[in-house]
Amino acid sequence: MVFSSNVFLFLFLPLFLGLYYLSPARYRNLLLLTASYVFYAWWRIDFLGLFAAVTVFNYWIGLRIGAAGVRTQSAQRWLTLGVVVDLCVLGYFKYANFGVDSLNAIITSFGVEPFVVTHILLPIGISFYVFESISYIIDVYRGDTPATRNLVDFAAFVAIFPHLIAGPVLRFRDLVDQFNHRTHTLDKFAEGCTRFMQGFIKKVFIADSLAPIADHCFALSDPTTGDAWLGALAYTAQLYFDFSGYSDMAIGLGLMIGFRFMENFNQPYISQSITEFWRRWHISLSTWLRDYLYISLGGNRGTTFQTYRNLILTMLLGGLWHGANWTFIIWGAWHGTWLAIERALRIDAAPKTIRPLRWVFAFLLVMVGWVIFRAENLDVAWRMYAAMFSFGDWTLSDLNKAQLTSLQIATLLLAYVVIAVYGIRQFYAQPLTGAPKAKANDQADAPQGIVHASSGTLAYSQAIDIPALATRVAVLLLFAASVLKLSAQSFSPFLYFQF
């Protein structure tokens, strides 16, 4: 089941919210767990057993680590067991096919018969719930959070359906207090509804309209320079609106039931370096990689060479996390290499006068990276790169022009206008001081995004805010249009579901 589907909007969500608010507070976590398992099993019920087994295993490992004591040798052994088992589960389901295919490519070149194995189906969301489980047992080992004895709360944390399929990558230590004591207010619910609609518009109205452009361009067997750059521009916008749209919807759903998740995007395309980009893009993953992988490898505590090695290795593994394909590994290496280069050149200390050039350069680096990220294989990636940097025919091919519509081109222009307007507003409103954190306090500032969702509602405002009222009306109208568009296409999967 996905958020952008009729069955979720018109059946699952209303039924769940009705039962949730009619239930006594002490039963709401259990109801949330049950609903999340139904949400997951809607895809394939046979993988629900694996999901539950991983959850129970890490709950038990957490108890063993907690009983052994913080950072003791016994706790370290339990932690090692937990991490190894988690990675083996992830490795088998996500990377076994890739490993066998890569091995077969090598041995067949020497005339050896290839291995024949049954294709292994990738369980949806496994990358997210395994990473969240690993972060929990590491936090227990480090003493950052106590081991919970409440299996229902822990299982609900791992399974909570707003973030289950494609993040954000949550941490138990950030949400444990909210599982025990969270408040439900009309203000918070209204904020959640606005945020959900905002994400829905991003996904259905913009990202889904851009998808055909990228698909057509990447499918061309002989793209022109114009085709290749159009495809890169379209996918760059599509991926942002698709993934940030999902994150907005997840955050909004969390607010509807009293949770406040961490922000996952902070206008990444205004970044002036790759380093800044990773402070703004997929923040929950980038901070996870920093806290649990980069620091564990040694971070910047060793020699200069070791620091650069740790940066590149972290991004290589981050690329591999996205998918079992050489394209993702190379994409990770691309970002890791530029992170190391920027650290060596002290890019953050560059003069302010060259900021526009830094922004253009950083955006081009990100977009070039998205090409291999989107490509189905290396052949497609090299074909796109060859067309992009041949700087030959800037016109679109006849096949591409025949498939493109005026509405698609208009949506692409609109997407970049939205990125520019809100990016500029964010740039001048406040400097980036670090990754946004999850906030449990009901008085926390409302999150920022394509539309600013005020924590107040019209019913309780002391004075009518005309711009805010106009924004809400626009959001409602666009949401209604997006629902009609969804009803026509019936199903709209998110790009990050494949990871």
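Just so you know, glycine gets a Cβ as well, placed from its N, Cα and C.
Look at Swiss-Prot and you will find H322 tagged as active site. Note on H322 (active site): other Cβ atoms within 10 Å of its Cβ, all shown chains, come to 19.
Using a Cβ-Cβ cut-off under 8 Å and counting only residues 6 or more beyond its ends in the same chain, the transmembrane segment (7-25) has close neighbours at 1, 31-32, 35, 38-39, 42, 184, 253, 256-257, 483, 486. What Swiss-Prot lists as transmembrane segment is 7-25 (among others).
Panel annotation: around the transmembrane segment (40-62), residues 1, 7, 12, 78-79, 81-82, 85-86, 89, 93, 123-125, 129-130, 133-134, 136-137, 140, 147-148, 151, 154-155, 158-159, 161, 164 of the same chain, lying at least six beyond its termini, place a Cβ under 8 Å from a Cβ of the stretch. As annotated by Swiss-Prot, transmembrane segment applies to 40-62 (among others), with the evidence given as sequence analysis.
Summarising the annotation, Swiss-Prot assigns transmembrane segment to 78-100 (among others). Residues 50, 54, 57-58, 61-62, 64-65, 68, 115, 117, 119-123, 126-127, 130, 133-134, 137-138, 141, 320, 324-325 of the same chain lie 6 or more positions beyond the ends of the transmembrane segment (78-100) yet place their CB under 8 Å from a CB of it.
For the transmembrane segment (115-137), the residues of the chain that approach it from at least six positions outside its boundaries are 40, 43-44, 47, 50-51, 54-55, 58, 61-62, 65, 78-79, 82-83, 86-87, 89-90, 92-94, 96-97, 100, 103-104, 145, 154, 157-159, 163-167, 169-173, 288, 291-292, 321, 497-499, judged by C-beta separation under 8 angstroms. Taken from Swiss-Prot, the feature transmembrane segment applies to 115-137 (among others), supported by sequence analysis.
The transmembrane segment annotation in Swiss-Prot covers 150-172 (among others) and is backed by sequence analysis. Remote same-chain partners of the transmembrane segment (150-172), defined as residues 6 or more beyond its termini with a Cβ less than 8 Å from a stretch Cβ, comprise 2, 29-30, 32-33, 35-37, 39-40, 51-52, 54-56, 58-59, 62, 124-125, 128-129, 131-133, 135-136, 139, 179-180, 243, 246-247, 249-251, 253-254, 257, 259, 261-262, 264, 282-285, 288, 438, 494, 496-497, 499.
According to Swiss-Prot, the feature transmembrane segment maps to 239-261 (among others), an assignment based on sequence analysis. Long-range neighbours of the transmembrane segment (239-261) within the same chain, counting only residues 6 or more positions beyond its ends whose Cβ lies under 8 Å from a Cβ of the stretch, are 3-4, 13, 17, 20, 28, 32, 160-163, 166-168, 170, 175, 178, 182-184, 188-189, 191-203, 206-208, 210, 268-269, 282, 370, 373-374, 415, 419, 438-441, 444, 447, 449-450, 494-496.
Positions annotated as transmembrane segment by Swiss-Prot: 312-334 (among others).
Positions annotated as transmembrane segment by Swiss-Prot, on the basis of sequence analysis: 354-373 (among others).
Tertiary neighbourhood of the transmembrane segment (380-397): same-chain residues 217-218, 220-232, 327, 330, 368, 371-372, 404, selected by CB-CB distance under 8 Å and a gap of 6+ residues from either end. Summarising the annotation, Swiss-Prot assigns transmembrane segment to 380-397 (among others).
Away from its own ends, the transmembrane segment (407-429) comes close to residues 206, 209-210, 212-213, 233-234, 237, 240-241, 266-267, 269-270, 448-450 of its chain (Cβ-Cβ under 8 Å, at least six residues beyond either end). Taken from Swiss-Prot, the feature transmembrane segment applies to 407-429 (among others), supported by sequence analysis.
The transmembrane segment feature in Swiss-Prot is assigned to 475-497 (among others).
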Positions on the same chain near the transmembrane segment (354-373), where near means CB under 8 A and six or more residues out: 228, 231-233, 235-236, 239, 268-274, 276-277, 322, 327-328, 330-331, 334-335, 338, 347, 381, 384-385, 388
